[in-house]
Every structure is written in structure tokens, then in C-alpha cells.
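Q: Following this message is one structure expressed as C-alpha cells.
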């Protein structure tokens, strides 16, 4: 049941990203970052709202899955949405598929699939109450603080920076969601640590801001890659280190899981460099700089 819900959530993520990216990319001057005026305009955009509804349904399904199974099992399944996203890009956006794109998607998917298989053999859920839940809160608080620094310092951050930040924040969201869900199901509402709920909501808000700016900064497949690779790897690390989901695992298995995660992360970096849309944008910027240089030379 949990795995089926996670797969449905992955498909919803791909469709939601497609609709929201189309809406954001269609705005004037959105490539320079989204302003408050952009966001208010998006709230009146039916395509963006449809994407939001689809993402909401997928998120709800993912939250239920996290309540039923360990973080280490649920989150990595999201990598399936990268394949769906590329197929949607080919059909709806005329995405040109090149060898590097195919290779990076295959390595992303293979790395995270192995991640799922290996994690599922060792993950164990435990309830963390009271003070035992505080380490996760502080880690989430630090992640939110770092995210706020990025917002202030980098007005036009590269898409790779934005998706890494979003992925890490949503890793905190998933882990807190699992922790709070297990508290509620096994110990009751009065044992829920509401400070973790607050941290979860803060991470959702800031992570969503990064995602929307990522849509403006580049192709939706890059956003999906970040959310389906950086997010699950971060969630598994938190599940292992903070929640002790792999406390009884042999060292060799932890190392193998780590290696598959590194492969998937490397594939995201390759995708960020060789995605056709990214290369087209780079070519346009080079042509613009060349044109400006020629104009300055003629004027002098």
C-alpha cells in the first residue's frame, strides 16, 4: 500500500511540475527570479493552480505512505517521476532527447532504484517522543536558516543551487512528517511534538519558494531530478542518523547504499550541464554577450 501510494505521488509530481513550470516560464521577466507580483499573478493562473492541486494530491499520498512505511523505503520511489517528467517533456514541450540526457536519467533512476532495494532490506521504524524528536527539529531549523541566507544573498541563484536547497528542505519535511505520523499512530495526538510540525511547515514554505524559482531558472526535469534524488538521499541520511532506521545494518550495506546515492547525485549534476534546454539557454546568453560586445565595439 505504501509503495503504491508513493508511485502515484511520483506521477503526480511529474504532472504538477509540468503545469506549474509552463505557468511560471510564461511570465514576463520570470528568468530573473520571481517577485511578489509574479506570485500574485500565479494565484490567478488556472494552469498553475491545476498543477498545485495535482501536487497537493500527490503530497497527501506521500504523507500517508510515510505514515505506513519507513522514510528509507518511501522517499526514494519518487525517482520514478523523473522518467515520467522526461516523457511528458517530449510529448508536451517538444523536448529534444540527446545521449547525455538519456544517460543521466538512466543513472539517476538506477541509482535511486538500488537505493530503494537496499534501504528496504534494513529500514525499521521506531517512535521518537519528547526530547528524542528534538535533534530532527534543530537540523530542520538549521536547514531553514541556511535557505533564508540563500534567498537574501543570491538574488539570481543558479538552478542547481535552488534544487539542492529545495531537495534538502523537503528531505527535512519528509522525515518530520514520518516522525510526527508515527507519533500520532502509535502514541496518540497528545504525544505529537508540535515543534516538529512547525519546522515541517517552515521547510515546506521555503522549499516551495525554491521550487517555483527553479521553474523560472530552467527546465522542469531538473526540478524533478533535484526533488527525486537530493530529497530521498537527504531523507535516508536523516532516517539513518537521526531516527536510527538503519541501526542494525552492517557497515558494508551502509557503504553500498551511500555509493548508489553518490551515483544518483552525480547524474543530477550531469543533467544540469547537458540538458538540451540548459544548453540552449547558455547558447542564447553567449550570443547576447557577443552581440553586446559587437555593439560596444561599433560605438567606440
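Every residue, even glycine, has its Cβ placed from backbone N, Cα and C.
As the structure is a computational prediction, the values presented were derived from the model and not from experiment.
Below are the features I grabbed from TrEMBL:
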- 281-293: compositional bias 'Basic and acidic residues' (COMPBIAS)
- 281-300: region 'Disordered' (REGION)
- 49-74: transmembrane segment (TRANSMEM)
- 101-123: transmembrane segment (TRANSMEM)
- 135-154: transmembrane segment (TRANSMEM)
- 161-180: transmembrane segment (TRANSMEM)
- 192-211: transmembrane segment (TRANSMEM)
- 223-244: transmembrane segment (TRANSMEM)
- 250-271: transmembrane segment (TRANSMEM)
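Tell me about the setting of these features in this model.
A: If one looks beyond the transmembrane segment (49-74) by at least 6 residues along the same chain, the residues whose Cβ comes under 8 Å of a Cβ in the stretch are 1-3, 5-6, 8-13, 15-20, 23, 43, 116, 119-120, 122-125, 174-175, 177-178, 181-182, 184-185, 235-236, 238-240, 243, 245-246.
Tertiary proximity for the transmembrane segment (101-123) is limited to same-chain residues at least six positions away from its ends with a CB under 8 Å from its CB atoms, namely 69-73, 76-80, 82-83, 86, 225, 228-229, 232-233, 236, 239, 245-246, 248-249, 253, 256-257, 260-268, 270-271, 274-276.
Within its own chain, the transmembrane segment (192-211) has Cβ neighbours under 8 Å at 129-130, 133-134, 136-137, 140-141, 143-144, 147-148, 150-151, 162-163, 165-166, 169-170, 172-173, 176-177, 179-180, 183-184, 223, 227, counting only residues six or more beyond its boundaries.
Proximity of distant same-chain residues to the transmembrane segment (223-244), defined by a Cβ-Cβ separation under 8 Å and at least 6 residues beyond the stretch ends, is recorded for 10, 13-14, 17, 21, 70-72, 75-82, 85, 104, 108, 111-112, 115, 119, 123, 125-126, 128, 135-136, 139, 159-160, 162-164, 166-168, 170-172, 174-175, 178-179, 211, 214-215, 254, 257, 261, 264-265, 267-268, 271-272.
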Q: Using Cβ atoms and a strict cutoff of less than 8 Å, what residues sit near the transmembrane segment (135-154) while being 6 or more residues removed from its termini?
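A: Contacts with the transmembrane segment (135-154): 128, 161, 165, 168-169, 172, 175-176, 179, 193, 195-196, 199-200, 202-203, 206-207, 209-210, 238, 242-243.
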